[in-house]
Structure formats: C-alpha cells, structure tokens
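Student: Mind looking over this structure? Questions follow.
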Amino acid sequence: MVPGSPAAGAGPAPRALSLAARLSYAVGHFLNDLCASMWFTYLLLYLHSVRAYSSRGAGLLLLLGQVADGLCTPLVGYEADRAAGRCARCGPRKAWHLVGTVCVLLSFPFIFSPCLGCGAATPEWAALLYYGPFIVVFQFGWAATQIAHLSLIPELVTSDHEKVELTALRYAFTVVANITVFGAAWLLLRLQGSAREGPPDEAGDHLGVQDVPVFRTLSLCVVGVGAVFSLLFHLGTRERRRPPAQEPDERSPLLAPATARPLLLWKHWLREPSFYQVGLLYMSTRLIVNLSQTYIAMYLTYSLNLPKKFIATIPLVMYVSGFCSSFLMKPVNKCIGRNMTYFVGLLVILAFAAWVVLVDELGMAVYVAAVLLGGGCATILVTSLAMTADLIGPHTHSGAFVYGAMSFSDKVANGLAVMVIQSLHPCSLELCCRACVGFYHWVMVAVTGGVGVAATLSLCSLLVWPIRLRSWDPGAQP
C-alpha cells in the first residue's frame, strides 16, 4: 500500500481545515520554537562566553539536554499513541501538548539565569550540576510538545498538498519565532549599549559577564510570549476524537467486520526499509539546521571577529530568508515534487559551504551568505517533514511513534556531534586563542557541506527506492 492512498473501509474524508484552524495549529509550536532558537543559538555562547565555563562543560550540558530529549521523545510518542481514546476532554495529543508546555514554562528561565547560591569560589562542576535538572525537565516538556504537535498533522489533514501547506505554515511560525528572538536580542543588546556611559570601547562590543541580564530578560520574554500562543493553540485546535476501546460483551460479534482496517503497530515500522531511509534523511536535515544554528554565533564572534550585535542580526537575516522560502514550498512541490525540492535546498546549502571555504573574510557579504543558509535550511526542513508525513500516510494511530523515533535519532546525533566538536576545541586555558579562529571556520564548513553530502546520499536512496510500505502484510496478524 502506498502511504496516503485511501484504504477500504475508511470513513469519509474530513473537510478541509478553515484558515483559522490552520493558523491555530501552526502557532501550537511557537513556544517550543522560541525556546529552541535560544537553546541552539545562544546556549553555548552564553555558557562559554558570558558565564566563562569551559567549552567541554558547555558542550556537556547541551549533550545532556539532547540525550534527555532523545530518550523522552519516543516514549512520549508511544504513550501518545497508546492514550488514543482515553482523554475525553481534549484528546491525547493536546493533553501531552499541555503537559509539555507547563514543563517548558517552569524550567526554561532558570537555564539562562545565573546559578542561585553560586559564587566566585563555586567550582564549575557544581554549577553545571545545578543546571542539569532544569535542562532535563525543559527537554522532557519540549519533546512532549513537539511530538504531540507533529503527530496532529496526519490527524487533521489527509491530502499530500494539505500536509505540505500545514507543515509550511508551521515552519513559517518557526521562522517568526526565530525572528522574534533575534529581534529581541538585538534590541536588548542595543539598549544595554546605549545605557553604558562614556565612549564605546572594544570590550563593550564583545560578550562578557556584563551581558547576563540580557539573556535572563530574553528568556523571560520568550516564555511570556510563548505561553500566549500556546493558549491560542488549545482554544482553536480540535483533535479528532476516537472512541475508547470497549470490552466485549454477549452482544458483541465474535468476528470483526471484514471492512476493518488492520492496524500498523510500532513494531511493524521497524521492519520497513522506508522508515530507516526517511529517518536518515530527517536526521541529516536536523544536523544541518541545528548545528549551523548552534555554531553560527561562534563563527561570527571568533572566526570573523564581528561585534556582538551580529549574533542577532545575522541569524535574523537567515530566518527572514527562511520565512520567505517557506511560502514557496507548496507551488514548488507541485511543480517538481518532493525529492527535487529537497535537492534544490541542498544545492543552496552546499553553495554556502563552498563560499565559506573559499573566502576567509566575508565582510558585508556575510549577509548574502546568511540568505543562502536560511533559505536552504527552510527548504530541506519543510520537505523532510512532509516526507515523514508521507511515510505515515493513513496510519495515524502510530504516527507519534514514527515522529518520536525520528526525533530520537536527530536529538542524540546533534548532542554527540556538539560534544565531539567541543572536545576538539583547541583552546584549553582561555575562551578563544588564535587557533579557534580557524576552528569555527571549518566547523561551519563541516556541519553544512559535510553533512550535506550525507543528506544527498540519503536522498539518492529515496530516488532508487521510493517511500512506501514493503514488508507489512495487512492480512497478517499483529
């Protein structure tokens, strides 16, 4: 069976979602997107450059968060699928979304605030231990919200083009969230600079302990704005209700109706080659998007030696470019298909990597490079999510497990990659020595060009063996 094709015995196709319903769904991940923007772009920079923790210590905290997220994601996905029909008031997906939202709101501000009770004599390991529980709670909440929100896509719409449109709208608000974070960061840094008396000095143009209030205020703004949009999601999105499973009684038929659709369980997915093909492509995509977002601030600060305002303006340009690209996804997919759309996005990212390799001093051309990176990342991310929805097709009862498994590989791979990069950092006794200038230059090349080649190989496998279920026999017993 090809995912997305109608199955025998299936009910009538649901009506198309209204614009209000589509927008309500799209803002449901806004809090997660705001927090993820700060997490990936500023966590290492905050811990290493502002709090002066070692590169390995900062990488260890990010690894802890990614592993916690990765472990929680498939568990939440499995439980969300298992809870179908049990949450009579709001539905299992929305219930998990609410739990995750509360965890994020309560934990995230502590991550970007100074350690309570810590002083100048506090050893680094004790401070890192303090941040650990907040990071674990935050990542559990983030995973619960993400999986609940993603698994609603095949629940709400069935058409391929509607899935692309909903995914593109979701990503458009992801871009808006990133623009909001970087715009707020630029404003806070500018206000801090104008409040400083005396002529501007070189030290004031670079990050340091004086920037702690900027990140603390930014984290509080993030959770405040995100809470409002989460409320709008819960008020405007209706999850399709499923009747709870009933115990058989004397009036129940002994044989199930012949028209009932067999269920594709989580263990069946593990036998499908397409599950691993799409999973590898999704993991490669997330590595490119997340690692480039994580290290772009380091690259700007240490390799290009730009003032600290660029850690807000360059990511802002990237996500404006991504925002514009997201609206082209639906017509481009219709014209050239999923695979070619993804390939075009990869070509743009590889062009960025080649530019970084060939040019050491970008100057004002760094804005053009940011446009390329932002547009390419938006294209491959939206397309990979649409491919995942294609894989799930009508089997929405186990969709959360699929998204959970995909996210598990992505989160753990991201965490391990960051830890490896941080362990290779050449400056052990200071924040940045001469060697780290070239170090972050080649990190940006590796996380875009190197991982881009791996993504190309994954895409080639989908061209040879397209997405479809090959091993599952609907007539076999689970």
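Including glycine, each Cβ sits where the backbone N, Cα and C put it.
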Student: Validate this pair against Swiss-Prot: L156 and P307, same side of the membrane or not.
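Tutor: Going by Swiss-Prot, L156 and P307 are on opposing faces of the membrane.
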Student: Please figure out which one of 27-47, 217-237, 401-421, 437-457 racks up the most CB pairs under 8 Å against the transmembrane segment (98-118).
Tutor: 217-237
Student: Same-chain Cβ contacts of the topological domain 'Lumenal' (48-56) under 8 Å, 6 or more residues past its ends?
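Tutor: The answer is 114, 124, 127-128, 207-209, 211-212, 215, 301, 422-423, 425, 427-428, 431.
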Student: Where among 27-47, 169-189, 217-237, 339-359, 401-421 do we find the most Cβ pairs under 8 Å to the transmembrane segment (278-300)?
Tutor: 401-421
Student: Please check if the transmembrane segment (57-77) comes into contact with the transmembrane segment (401-421), where contact means 3 or more CB pairs closer than 8 Å and the residues in each pair are separated by 6 or more positions.
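Tutor: Contact between the transmembrane segment (57-77) and the transmembrane segment (401-421): present.
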Student: Can you tell me how the residues of the topological domain 'Lumenal' (119-124) break down into helix, strand and coil by DSSP?
Tutor: 1 helix, 0 strand, 5 coil
Student: Do any residues, 6 or more residues outside the transmembrane segment (437-457), come within under 8 Å Cβ-to-Cβ of it, and if so which ones?
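Tutor: For the transmembrane segment (437-457), the far contacts come to 281, 284-285, 287-288, 291-292, 295-296, 298-299, 302-303, 305, 343, 346, 349-350, 352-354, 356-357, 360, 373, 380, 417, 421, 424-426.
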Student: With a cut-off of 8 Å between Cβ atoms, can you find at least three pairs linking the transmembrane segment (217-237) to the transmembrane segment (401-421)? Only pairs 6 or more residues apart in sequence count.
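Tutor: Answer no, regions not in contact.
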